[in-house]
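Visitor: Okay, so TrEMBL annotates it like this:
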DOMAIN    9-134  domain 'VOC'
BINDING   GLU77, HIS105  Zn(2+) binding site
Amino acid sequence: MSTDLSKYVFNHTMIRVKDAKKSLDFYTNVLGMKLVYRKDVESGKFTLYFLAYTNEEIPEAEEERAAWLFSRSGLLELTHNWGTEDDDSFQGYHNGNKEPRGFGHIAVTVDDVDKACERFDSLNVNFVKRLEDG
């Protein structure tokens, strides 16, 4: 049995988030991504948010939208487990920047990195590490 590797597409990366509202604000209003799909999974008490850079017309019908979504590349999926945003005892998810190291970062290409950083500063983005810091 074989499979056609030329048909493979890197579809998405999933990140769990504590606060969906804050995360969506960052990815849409700061980074300019578009929310292309949302799915509430009541049985698991979580919501999936798929974001992309696209100007394409997104199909309205659920089946067509799913086919469009899972045939694309470069999507970001945010998964929010309900209640974490209001749970003071919730410590958050491991970010990979402390031991044990793991996940490192997501890279977004911009037209002018200095101007993009100026914009992020004007939006009060908290940098974990700036470019000049390595």
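Using the three backbone atoms N, Cα and C, a Cβ is placed for every residue, glycine included.
Keep in mind that TrEMBL annotations are predicted by a computer and have not been checked by a curator.
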Visitor: Can you tell me how the residues of the domain 'VOC' (9-134) break down into helix, strand and coil by DSSP?
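Guide: Per-class counts: 37 helix, 28 strand, 61 coil.
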Visitor: Let me check the 10 A CB neighbour count of HIS105 (Zn(2+) binding site). How many other CB atoms are there?
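Guide: Result for HIS105 (Zn(2+) binding site): 10 neighbouring Cβ atoms inside 10 Å.
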